[in-house]
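Here's the structure, in structure tokens; my notes come after.
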Amino acid sequence: MALAVVAGPADARVAVDEAGRVFRLDGAQVTYAFGVDEKGYLQPLYWGGALDPAAPLQARATRELSGFDPAGMQTAQEYAGQGEGLVTDPGLKVAFADGSRDLVLKYRSYRLEGETLAIELADIARPLVVTLRYAIDEQTGIVTRTATVTNRGRQPVRIEAFAAANLTLPGASSYQLHFLSGRHAAEWTPHAVPLSPALTVLESRRGSVGHGNQPWLALTRPGQTTEEAGPVWFGALAWSGSFRLSAQTDNIGRVRVAAGYNSHDFVWSLKPGESLESPRFYAGYSHAGLGGASRTFHRFQMERLIPGGAAAALRPVLYNSWEATAFDVTAEGQMKLAERAAKLGVERFVVDDGWFGQRNDDKAGLGDWTVNPRKFPQGLKPLIDKVHALGMSFGLWFEPEMVNRDSALYRAHPDWVLNFPGRPRTEGRNQLVLNLARTDVRDYLLGVLDKLLRENDIQFIKWDYNRNWTEPGWPEAGPDQQRVYVDYVRNLYFILAELRRRHPGLEIETCSGGGGRIDTGIMALTDQAWTSDNTDPFDRLAIQDGFSLAYAPAIMMAWVTDVPNWANGRTTSLDFRFLSAMQGGLGIGADLNKWTAGDEDTARRWITAYKGIRATVQRGQLYRLVRPTEGAAQTATLYVAPDRAQAVLFAMQRGSQWRDQWEPLRLAGLDPAATYAVRVLGGGALPEGVPARASGAWWQNQGLTLRLRGDYVGLGLVFEAAK
């Protein structure tokens, strides 16, 4: 096979065999290939570990099986139209103006758009074109895919289902599907189920991602794949609205995956000459187990997705005043909290809900984004100046997409909310959802937020979203109102991007009652994420473990809050709370007015210690040594700096019985030739049996055995390579 490299840097390339009509992407020891068979179908050929450049890849039409296996099912298609009897999830389902619902996509051409490969498919009878785009990352081998459908005819086409990608995995006797789901305050629960002919659907119908299923999945081989070994295929949809991911084996054992907009209640009328683009889908492969897949995707996120990429600043230690004051916000009270926070070593001070409009509870004021003159008689400037003088940056809470009925905005524009005329408008947390799909709503919100940022020296926004949709109506759009699911999210992205453009240096946190809106779409426009409203330090270990399967610790905010914890009434030590929260971006949400001098000393000690390991935790490689799912009593997590000069181990224990001890912890990722000195994070004597110095090979092979005494106790160990 004569492959010509037509695009890409030295470590990533797009190669095309024009004679054999084979396309291949290579990067970071990963190969992704597809080709055109003699019937014109675009077929998936290979996705996995790197192949030799001369590997004999060729697309061939599948032989006919029987009359019960229609053409649409016989050939595995790289991107399938809903036609020819296809019974798995398609890439695209349409209805033409004459009522025809048959769509057969065949190869037409390819072109290069810089380092992106564009493949054009077309229906065999109608002027409807689908353009597939592929790019491979040279550092991680992750393939970015999108699809664009274009109507080149003279009649509108009804789009009824539209995916960014179909995927086909190599044939095998069995696969296991991994996914994440949960609920409010119990997000990020890992699940693993055998993949079967029964269609498994991971979806949100909420208008947002929600706390339930995540737009992420992974597929592994039972008996071959572990945490640190074996093949893993994984993917994530970059979309912050209603989504659908599906997976199944087809009738001849092939694994088929589809990912895109949720087809539930979705219709898009594609006018002549118009195009509709899918979200991005990121597809990755690792031969190093689930841990390797996570580290690969974390690196991709940190270098390619988050604002600033590899040059992005480390997450500052944050204080949020919500639990101290709730809605009882005043300039004087916030200044006192800021003084206390600064003395602890906090780097960012954030005022939460209650600073605006007539906002004295959650029943009024939402939507009126003007500073409350009673609470801040001189505006926000005196407080902001005070915070800056104390050496901290300043942040402010917003919930721009929501409105209370008791607000000036709703009284002026009751038509601006999602609604079905003549039907009840369901409230959640006493609020309604503004229809951000409307350009007037989008422009209004952008205007008021931009004005506040221009008039005040604000470095950070906490962008909240405290309910999901119930009446997804857009009366003004008439028969096209179901496009609300797409236009809403697009306008959200537009506002976030425009605020960042107008205010360079602005940082934004995505929040939705905790982890209700976290995905790789919003990640590209925000700097960090509020992981969960559940701040109990032991519950958080499981939440953070699940989060890390898909997303990088650097964006995962974790707070130290007061006890008993609101979520479960549990009381734990301040040391344990800090050790749990230091495994991501560290924040404090406690009422500092109630802290003792001893509490303050403890906090200062841990904040100082955190700053010494922050770069490793936020930018290093994560190893889940003992997962909460494997043993409820113990959890161990290791972070290794990119240059392997430092590693940080967190060992956490819920409780113990007489003579209990840990299994040996073998510290992966260290430089085997280096000598590492070990010390206790935050100070103190090394546990019995832990050597003060040993080689990386010793730590990896011999490991260390811990014995922690007590309930809800933890230990941090820092390993530093000798220079």
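Just so it is clear, glycine is given a Cβ too, placed from its N, Cα and C backbone atoms.
As recorded in TrEMBL, the features of this protein are as follows:
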DOMAIN    40-271  domain 'Glycosyl hydrolase family 36 N-terminal'
ACT_SITE  Asp464  active site, nucleophile
ACT_SITE  Asp533  active site, proton donor
DOMAIN    634-712  domain 'Glycosyl hydrolase family 36 C-terminal'
Chain-internal residues near the residue listed as 'active site, nucleophile', provided their CB is under 8 angstroms and they sit 6+ positions away: Asp353, Trp397, Phe398, Glu399, Cys511, Ser512, Gly513
Assigned element (helix, strand, coil) containing the residue listed as 'active site, nucleophile', judged by DSSP: coil
Packing count at Asp533 (active site, proton donor) (other Cβ atoms within 10 Å of its Cβ): 20
Overall pLDDT for the domain 'Glycosyl hydrolase family 36 C-terminal' (634-712), taken as the rounded mean: 95
